[in-house]
Amino acid sequence: MGVLIVESSRGSTHTEEIFVDNDFKDNKKKKRRSRKSKQTSSACSSVSEVCMDASSLLGDNTSSHHVVPNGHHQSPKVYNTSCHVTSDGHHQLPKEYDAGSISMPSMHAKEQTADGNMQNQHSVPHEIKEVIFSKSVPESAVSEEPVGPVLIARPVDCYPRRKCYPPHWSAEAVNKALEKGELLIALFHVNAHNRLEAYCKIDGVQTDVLISGLLSQNRAIEGDTVAIVIDSPSLWPRMKGSNETVNNSAPHSNSHEASAHVQDCSRGKSKLDLDCEYVFSSDNMVFPENGAHYNDESSCGAMPDNSCVNGVLDNGFQPSISDYASQFSGDAYDSISSLEKLCALISLYPSKRPTGRVVAVVGRSPRRDNIVGFLSVKQWIYSRESKKKNSRKNKHQSDHGYILLTPTDPKFTKMMVPVRKLPASIKKRLEAGDLTIESDLVAARIVDWAEECYIPDACVIQIFGRGSDVEAQLAAILFENAIDASEFSPEVLSCLPPIPWEIPQEELQSRRDLRNLCIFTIDPASASDLDDALSVEKLSDGVFRVGVHIADVSFFVLPDTALDIDAQIRSTSVYLLQRKLPMLPSMLSDNLASLNPGEDRLAFSIFWDINLAGEVLDRWIGRTIIRSCSKLSYEHAQEIIDEADLLDCSQSIEHWPKLYGHSEWSDVVKSVKSLHEISKKLRENRFKGGAVSLESPKVVFLFDEEGMPYDSVLSGRKDSNFLVEEFMLLANRTAAEVITRAYPSCALLRRHPEPNARKLRDFETFCNKHGLKMDISSSTHLHHSLEHVRGELKNDSVLFDILMSYAARPMQLASYFCSGDMKDISDCSHYALAVPLYTHFTSPLRRYPDIVVHRTLAAAMEAEDIYLKGKRKLGKITEKETLSRCFTGMCFDKVEIESVEAQEALSTAASKHRVPGTETLADVAAHCNEKKLATRHVKDATDKLYMWVLLKKKEILYSEARVLGLGPKFMSIYIPKLAIERRVYYDEVEGLTVEWLDTTSTLVLSQSTHKRRRSSPGKCRTLEEVALIVNPADLELEMSFSGHIGGENGESQRCLGISEITNNEPAFFPITVHLLSTIPVALHAVGGDDGPLDIVARLYVGSYLP
């Protein structure tokens, strides 16, 4: 066996890993005595902490080349010793090398020249020798699990530690630079396909800033708020339009090539455009591949100016944006902010991608404390056994050394965990040599990432269980997204009213009694927290009085109580398909505050008088008491809408829910039909006003009695869903208008910014290129264009779903905000709904922002009563005029509401109902945004988990897929049956010939029988990794299921579950592929006990060749 040593001469700028056999070691010991002191000093001074080769830090998708702190790029040298050296599929390292091994930089060994002479002989300090083993694996274990040598301990502190990263600026330096306009604050996001690429989102800037390379990222973590320096435009690479056919000439798996671009831009050839994420991202997709975060700008690349290397000009000067003042005339450059400077330069260079580098982390990401991953313990266990055999003088320390942690999220680097800080249960299993530790998911947090460390230090907090266990995965998902799954504390429960509870007498006297009105709920059949109910009455002359009644949760959740604080921290209920984590105790969410049928309940009610044209003529808002007569499901409501003579058939209503009170089923049916007609008109008017809809079918899982998925189907929304949606939207708009009038500086609203202009233009170009006319000049024109395309693609619904997902990609996330933080009222608008003001009011049982809005609305109503009573007392208005609501009604008199009397009333009511101030409300909004995004991630991860479980059971899914992106290295495909996207890589595959026709964007794949010449050792993959090949003669029809798309439009697949679809035909070589063409693929689940969950796609091909 050999020993892993790292060579790094002071005169050299690269780090090399080499294997030296035992004879080499003995010879080195003999010559060590004659070494010069300066060589010893050099060796000692270059010793740093234990670290990994940079390529292995980035996960499995790395290469053999090394990126070292000074930015140079070097292939490792394998010395000609007696040790047999082979390569794995990713690194030019010995076959025994494992991803868990940790190498030591700055150690010198003899270099063997071509003629066999040894040169450059240096000493290895004694402290370092303690962590180098001549045999890293016991002989008995080598044949079972080949692993490489392991260096576990860090060097002692007496040796200077080489810095791998630039130091972070101090807070004082950052503040001064911000004042001078030399820095920008941004949110740091990592490309999940290529961790060497990160993007910084800056508010007010349409284009994300690229942070390329580990040095430029400077230890920033996904989700950090960072201070960045913008590079000069001379260093910006050219952007590749995402709508173009992807020329993925350098796959993301080849991370050393990405580093080469950063370190050697003088070649003039782009190596950065590795990961053109032309795939689409939207809420309608089940989950993105590998948990990818699709940023504002995901396609980048190409051709930076040749005058710079690693951001340094030929004269050694490293420019930044502040050095580019020559683009502006006179004193214009100094008079504008750094943000305006960047926007100006981006407009000057629209085809270039701005780049920058991180100089400080000003806000630590919450994700630092919520890392989920797997431990690599083989190396430690084998090394310990080896040391036990070799250690005769010193007592072996079982808690000595470090273990590698590999996060499941590819956006995070690998981490080192000190053995001594592991939980006792893991230590005990390590002592017993239990290798099954590697199959357990663990929770960890980042402790530190010093300048001298390639990777951060972490500590393990807890163990979830086996990676293949669903409960362990669910627990990991909740932990990773910081979701509180704990039970409610006694302090919280003590805030609940005693049981049995009745409506207090004062509420009965002060509220409007609506218990005799026909009111009902429409919710999913499994819903237990009923927030909203509907009613409708027909008035004269074709006018309807529609009522929306929302559970008055704010009556129970009083400000600043333990219940309120806990609800604010949780912020939202979390739904895990088979169970929910409620924001409020079930006594409230499912009982006292829920609008359960047949029970007297407190509510906030909004009534509108609406004519047949969908126009709102008048409205009333107030606190009420209601009694729902029935709990309808969406299926019940849809049945009423679809059936004209439903009541004529007694069997139709036998399966319906129980009816309470004086209402008859004829009243309910008539109300649902009336509401449906009104909602259609409201929806029509909304889209005429500029609203845009990006609806796509979603995957719905079917579960067995044990709560495990056995099938999935695609499901779209129906008229009953749209009926409820329209009136909830109207209620939210009304509430937003009222609270903003009353409290313009402290209203909690929700905004949706305009889409990214560049990406929207890309979408337009993509559609036009494929003969589909698209007008993006306004949201109105965009919606009409999409509806026109829907008609054109009525026979190809799969392609239309793809286009809708693509249209959603330029859209930005909606977010809560405090109205006082917005200087321009236009910034408050909601793009998708095309309304100037919007908020959340209708779901207070599961969203904390709705409770805040309820309190603000209650304050506005009380202030209105105080103000009107005061005017009536002074004789300024009559009793009839009192009925005209000046704060909550349709009419709005700005002068009146700004009067001294009105402001005094508003202030008194705000104090009573604890309406939060601007600063507090901004913090609440920010926290709710974080939790809402986390909940979305939980849903995506949960969907992925259950899809993985389903495919694991089925073993292989044969399906047809549409090609979304195409190039010479890989293709991106969309699987309609699962509503997911995947990539298929076909470069460097043994037995496969790839022909890429750039002029026509055509790919031709052919099977080859002769052995190809590899571009680099260990890089080629087998054909079986890329394609599932079957012999047509042996092809059997007993596939468990398949994803064959019936006809041309795919409608049969939309109706059938996975297990009901059969007969999928393979393709045959040679395979010709165009953009948007259909290809057969084989899908299977991987990971679980041996890594992160994933669904892998391979080509499904038939061939007679052996």
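Yeah, the Cβs are placed from backbone N, Cα and C, and that goes for glycine too.
Copied over from TrEMBL:
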BINDING   Asp523, Asp532  Mg(2+) binding site
COMPBIAS  27-38  compositional bias 'Basic residues'
DOMAIN    511-863  domain 'RNB'
REGION    22-45  region 'Disordered'
SITE      Asp531  site 'Important for catalytic activity'
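Everything TrEMBL records as a feature, shown here on the structure.
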residue: Asp523; record: Mg(2+) binding site; contacts (Cβ under 8 Å, 6+ apart): Leu530, Lys631, Leu632, Ser633, Tyr634
residue: Asp531; record: site 'Important for catalytic activity'; contacts (Cβ under 8 Å, 6+ apart): Ile550, Ala551, Ser594, Leu595, Thr842, Ser843, Pro844, Leu845, Arg846
residue: Asp532; record: Mg(2+) binding site; contacts (Cβ under 8 Å, 6+ apart): Thr521, Val548, His549, Ile550, Ala551, Leu595, Val724, Met728, Ala731, Thr842, Ser843
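Per-residue pLDDT, averaged across the domain 'RNB' (511-863), gives 93.
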